[in-house]
Amino acid sequence: MSNDSSECSQKLPKLKRILLKLSGESLSADQGFGINVESAQPIINQIKTLTNFGVELALVVGGGNILRGGRANFGNKIRRATADSMGMIATMINALALRDMLISEGVDAEVFSAKGVDGLLKVASAHEFNQELAKGRVLIFAGGTGNPFVTTDTTASLRAVEIGADALLKATTVNGVYDKDPNKYSDAKRFDKVTFSEVVSKELNVMDLGAFTQCRDFSIPIYVFDLTQPNALVDAVLDSKYGTWVTLD
């Protein structure tokens, strides 16, 4: 892929403002737990590259590298609502780490949380988002929606709507959307592009239904891509080699 800035600038306008959904595990090393700054550095570098191109970028990060909330095996000892609240706190930890890693690379970044923490996290306020993004500041959304029983996918779709994103980029470890599980079926077919209607009719796995429906209703395309590929985030904006676009038509 060319690094020529003039070539990049010709491709970027259709994705001037994006919402990137990251899993918590993307910040950890191979063990999948905790935060490993070396493992996360390629993500930081690519975010910096995109901001240098003039892309306005907001992030939603999960907390699965610390605690998977409702998926945690607590039996009947901890209520699901409490577990989800613990998961929201995990996303706050990841968001603070991302903010500082970005700032260390000269990228202006700020964390907004569904639940504020005095002296630490600002409460998410939709009317501020446009001003902050227009300044070139990367926004990192933490704390989910502030409610239990809601996935990080839904948080991502909600924030994408609030910021008026041109697209929601969902970073995964699979290079797009398949007609069946590629980890189980060697003949699984990958789609370069698929419509929202086809996802429903073919029962394809893109993201949770609430998030998917919200993106469809607000005409926000979804790009599912493999973050583990070299320079995959920058490619998602420029060339889209490592994933699948979900569009209205």
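Each residue, glycine too, has its Cβ placed from N, Cα and C.
Just one of Asp84, Asp166 is listed by Swiss-Prot for the same UMP site as Gly63, Thr145, Gly146, Asn147, Pro148, Phe149, Val150, Thr151, Thr152, and that one is Asp84. Binding residues for ATP (Lys21, Leu22, Ser23, Gly24, Gly64, Arg68, Thr172, Tyr178, Asp181) extend across at most 25 Å, taking the greatest CA-CA distance. When the Cα of Ser23 (ATP binding site) is compared against those of the binding-site residues Thr145, Asn147, Phe149, Thr151, the shortest separation belongs to Thr151. Lys21 (ATP binding site) and Asn147 (UMP binding site) are 18 Å apart (CA-CA, integer value).
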